[in-house]
Number of protein chains: 2
Amino acid sequence: MEYRRIKDQDKNEASVDDIESSHMKAVPVLSLDDAGSLNTVATVGASSGDRSKWKRKSMVTLALTVLTSSQGILIVWSKRAGKYEYSVTTANFLVEALKCALSLAALMRIWRKDGVTDDNRLSTTYDEVSVYPIPAALYLVKNLLQYYIFAYVDAPGYQILKNFNIISTGVLYRIILKRRLSEIQWAAFILLCAGCTTAQLNPRSDHVLQTPVQGWLMAIVMALLSGFAGVYTEAIIKKRPSRNINVQNFWLYVFGMVFNAIAIVVQDFDEVVSKGFFHGYSLITVLMILNHALSGLAVSMVMKYADNIVKVYATSVAMLLTAIVSVFLFGFHLSLAFFLGSTVVSVSVYLHSVGKLQR
Amino acid sequence: MEYRRIKDQDKNEASVDDIESSHMKAVPVLSLDDAGSLNTVATVGASSGDRSKWKRKSMVTLALTVLTSSQGILIVWSKRAGKYEYSVTTANFLVEALKCALSLAALMRIWRKDGVTDDNRLSTTYDEVSVYPIPAALYLVKNLLQYYIFAYVDAPGYQILKNFNIISTGVLYRIILKRRLSEIQWAAFILLCAGCTTAQLNPRSDHVLQTPVQGWLMAIVMALLSGFAGVYTEAIIKKRPSRNINVQNFWLYVFGMVFNAIAIVVQDFDEVVSKGFFHGYSLITVLMILNHALSGLAVSMVMKYADNIVKVYATSVAMLLTAIVSVFLFGFHLSLAFFLGSTVVSVSVYLHSVGKLQR
């Protein structure tokens, strides 16, 4: 299988300790083995390389958390401002295009500064680029499935079922990337899933238990697709540790644009032709597109300098932060379930960090 | 303070490795130091003494779990059969009397078999017996407070606030008995509290957040009283490891009878005089009294051979078992919150056992 091939090449390359010619210079690259876990305790006597790796990992994780929480707040804001009237597929396309443009801009700065090298040149080989369409294709299939699952589950129920993503990411991370979590970290991961779901409970949540079996199966398939896309992206990005992240992003997002263009044609072609591409766009739509683009870049950075597990923790904590900020911004009331879920998620974060495997 | 004195005597006695002349013969006593935790993994190469200690600890824990779950089922059954029409204070008195009688019966068997020794004689000294009324007095105060808290909280809200007991037991166990839990075991204890509360959530649970500050304070005081009574009972029982548990129980329950007699006079005197002591008793009342008496004895055994932490875990797991058995017996529906809470409790039990302090 394709992802196996990637993994095998990884192993060969992992021994080559090459230095990344990134715009963050003088920072040793993360090899596949040490992009470990949400370690919040600086190791005593660690080398300055370890410390700056840890700093970079913390920075990208923090950026992802902040961007994801503000994303949640923008969604709440837009819902309160009125219905979504723009086409979601065109907005998704613009998000990919913006990410592409931002990666290119970053690359141009690097070229001006460091010159074009093997690691930061945009041109690529078939061997390198052939795997890049896969995550975008997986997300496309997942997004198409999303339209069908609502025949079986309502939107709040789907929000709850989406927490399967946490488990599927953990399992696929273990199977595909062959990275190990300690038993306590696995326990923490189950708690993260239970805690996030608890925090989202509302008096109507029990409806989800009446979901027909097709709904459960689709939710599981979607969780696997989404988890697989995430883990596969990490495999692609980490496969060439020395390759500049902006080049890797550029190619990922080019295929993202292609697949989102397909989605526009499949789902919204008539509407876009009759009403125009930007129909219904408002200031808030623009802000959401900008935020999604920046969050997407932060996810890539987390994949490069940390891993999918860190990504899941960051986005889960962001979900809780969104709710807390919404109390102040929109006068939301927090439920008892939210407090209980947040407690469980906090303990999970703690356990993940103390449960680190001793290497 | 009184409990400090007990603790200091403990320290002196803990070094004396005396053998208990219990009816469970040839089983070395638990010293204060090794009545550890819910350890479910038999240590490889442990002595046969360790193994039989572990077996006895497991037996009493299992007995407590089964008795507590069936207690929950009896309560559900009696609620469905109709309102409580008997006086709760007279029933509590009979529970204490029955426990007293059962302890005496067990003692008489032991005397016939082993003869009367220093450890199993019923007569006692002022020094030994002076602390025995304290837990019973604490429970009396707590039960009286219970009538006042309902001015601020409704019954389902009170069920949720009662989970403070878990935290108060853990904290007082640490402070009073000076026993240590590892960091992971503390995390597990917080999860146990959050998980139990989550499992009890229902669509109206959020009302509890509107509890006035007096209600919160009373709930906290009641949790402290109940936790203190539990921990103090353990201190009393473990203070004299060689003393037969049935003698210790006999004296504890004698004072239980006295304090429950006071409660009858304070709360139900007129009713008992006019309607009679056994007014409203039915088969189910008798079964509940029997079950409470046996559960009470199991709690004492857990205090002697394990500890308060094991007791809290056993009764929490029993709460979940009650709900599951009620599905089959009474056609109850389990909520999503119940599944999530049970998951968190299960992970907590696991973490408590893997998080054991290395000694």
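Including glycine, each Cβ sits where the backbone N, Cα and C put it.
Feature annotation from TrEMBL assigns compositional bias 'Basic and acidic residues' to B:1-14.
According to TrEMBL, the region 'Disordered' annotation covers B:1-20.
According to TrEMBL, the feature transmembrane segment maps to B:59-78 (among others).
TrEMBL lists B:90-111 (among others) with the feature transmembrane segment. Here the transmembrane segment (B:90-111) has long-range neighbours at 22-23, 120, 122, 143, 244, 246-247, 249-250, 253-254, 256-257, 260-261, 263-264, 268, 272, 277-278, 285, 288-290, 292-293, 296-297, meaning same-chain residues at least 6 beyond its ends whose C-beta is under 8 angstroms from one of its own.
Long-range Cβ contacts of the transmembrane segment (B:184-201) within its own chain (Cβ-Cβ under 8 Å, at least 6 residues beyond either end) map to 37, 159-160, 163-164, 166-167, 170, 309, 312-313, 316, 319-320, 323, 335, 337-338, 340-345, 347-349, 351-352, 354-357. According to TrEMBL, the transmembrane segment annotation covers B:184-201 (among others).
Residues 3, 6-7, 10, 131-132, 134-135, 138-139, 141-142, 145-146, 148-149, 152-153, 157-158, 161-162, 164-165, 167-169, 171-173, 176-177, 245, 248, 252, 300, 303-304, 307-308, 311 of the same chain lie 6 or more positions beyond the ends of the transmembrane segment (B:213-237) yet place their CB under 8 Å from a CB of it. The transmembrane segment annotation in TrEMBL covers B:213-237 (among others).
The annotation transmembrane segment is assigned in TrEMBL to B:249-266 (among others). Only residues 6 or more beyond the boundaries of the transmembrane segment (B:249-266), in the same chain, are considered here, and those with a CB under 8 A from a CB of the stretch are 87, 89-90, 92-93, 96-97, 99-100, 103-104, 107, 122, 124, 128-129, 132-133, 135-137, 139-140, 143-144, 233, 236, 272, 296-297, 300.
As annotated by TrEMBL, transmembrane segment applies to B:278-300 (among others).
Sequence-distant contacts of the transmembrane segment (B:312-330), counting only residues of its own chain at least 6 positions beyond either end whose CB sits under 8 Å from a CB of the stretch, comprise 38, 61, 64-69, 71-73, 76-77, 80, 165-166, 169-170, 189, 192, 195-196, 199-200, 302, 338, 341-342, 345, 349, 352. Residues or ranges marked as transmembrane segment in TrEMBL: B:312-330 (among others).
Under the heading transmembrane segment, TrEMBL lists B:336-354 (among others). Counting residues 6+ beyond its ends, the transmembrane segment (B:336-354) has Cβ neighbours under 8 Å at 37-41, 184-185, 187-189, 191-192, 194-202, 309, 313, 316-317, 320, 323 in the same chain.
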